[in-house]
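The following features are taken from TrEMBL:
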- C381: active site, nucleophile (ACT_SITE)
- Q253, E303, N353: S-adenosyl-L-methionine binding site (BINDING)
Amino acid sequence: KKKARVSCSLPKPSWEERLANAVTPLWRLPYQEQLQVKYGSQRKILQTLASRLEELGIAAQKPGGLCCPLQPVVPSPIINGYRNKSTFSVNRGPDGNPKTVGLYVGTGRERNIVCVKANHVENIPLKHKQVAQCYEEFICHSPLDSCILFHEGGHWRELVVRTTSCGHTMAIITFHPQQLGQEALATQKALLKEFFTCGPGAVCGLTSLYFQESTMTRCSHEQSPYQLLHGAPHIFEELHGLKFRISPDAFFQVNTAGAEVLYQAVGELCQAAGDTVLLDICCGTGTIGLSLAHQVSKVIGVEVVEKAIEDAEWNAAFNGISNCEFHSGKAEAVLPQLLASWEDARPLVAVVNPARAGLHYSVVRAIRNCRSIRRLLYISCKPEGEAMRNFLELCCPPAPQKKLVGEPFAPVLAIPFDMFPHTVHCELVLLFTR
């Protein structure tokens, strides 16, 4: 007799599980196991860096094949709901609703994108989920379509929610104007404001409601100004006893409690004496430099986002910190000019905290060619990406043909910080000296 086939296929995961697996792939693991996984991935990155340095003729192997000692991953003080900024998309949900507000499962390349509500995602706080739900309720009652593909029309797009430990909540709504005139746009803005101040959305208790008309995937304030529809123009956060003002597009570490731990360690690694000048590259709203201003003689911050520099200057003045100066502009434009004529005899320590794209080559070259910089802290949320190119540029032998004539740096210590529990990402602090 033929044996009956027994099906042992596992049940298909729910959309909520698929989203959690995509956004927070470690969510099923106990937290200590998550830290072990992250330690292993950071170890591989340092092994790769050691191998790449050896290819350049630099003997960099340390025990375990690493380029420098690796400390254990520093845990996050908060594990769930730690994000202070969330970006929600608008697209078709599993039920076909084209006005679903959530996060993506699938990819554009595979053309299988589905927008799933983020109600069960563990790293997003309840307040963010509440604002997202209210925004979905608003656009579902709107006669205007969502903008899924620019060339197909539609208007309602992304929602960004920012919160602080002070209890402030900022919502930024992105809207594609298409062919709408100013009167029609004014109507939509008035309806949004009414919904979030007097209607069902009032439950969110928004501190700030912003509206941005955007014809691109991402627009800066300079490209398309953020329009304040309701409330205060800024929200405020407290860090290391200081108060920080945050504009809609200003960078701020996504895990505030984790940032306090990170900046404390950065201050210790800088080994800054009272006469030290701290160069804070990609400084955002000035959080690192201002947090360390009390232990150095001067802080110089450089940041491309103009509004963030305005925040940094306000933050310094409000907190009574007078030994800081901030420069607005691309680091590759500002820094070479700043360092080319550097004749200050005081010790100079550099801290760089770039976006995932890493530092422009001219920034690395300016750092390398400035003899006064003997100590450099590189903070990266993706050290295996473009940051790896920067590491090699900092450590490679002098290359006169590339105008890289300064003495090379060497990695001496690596400390990972878990700023992103439940995800595979870490914030790696790599200390270079020469």
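Every residue gets a Cβ built from N, Cα and C, even glycine.
Caution: TrEMBL annotation is automatic and unverified by curators.
What TrEMBL annotates, mapped onto the structure for a quick look.
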residue: Q253; record: S-adenosyl-L-methionine binding site; contacts (Cβ under 8 Å, 6+ apart): A259, L262, T287, M419
residue: E303; record: S-adenosyl-L-methionine binding site; contacts (Cβ under 8 Å, 6+ apart): F251, C282, C283, G284, I309, A312, F326, H327, S328
residue: N353; record: S-adenosyl-L-methionine binding site; contacts (Cβ under 8 Å, 6+ apart): D280, I281, C282, C283, G284, I288, I379, S380
residue: C381; record: active site, nucleophile; contacts (Cβ under 8 Å, 6+ apart): R356, M419, F420, H425, C426, E427, L428
Additional residues surrounding S-adenosyl-L-methionine, by Cβ distance to the Q253, E303, N353 centre under 8 Å: F251, F252, C282, C283, G284, T285, T287, I288, I379
Largest separation between Cα atoms (Å) of residues that the record links to S-adenosyl-L-methionine, namely Q253, E303, N353: 15
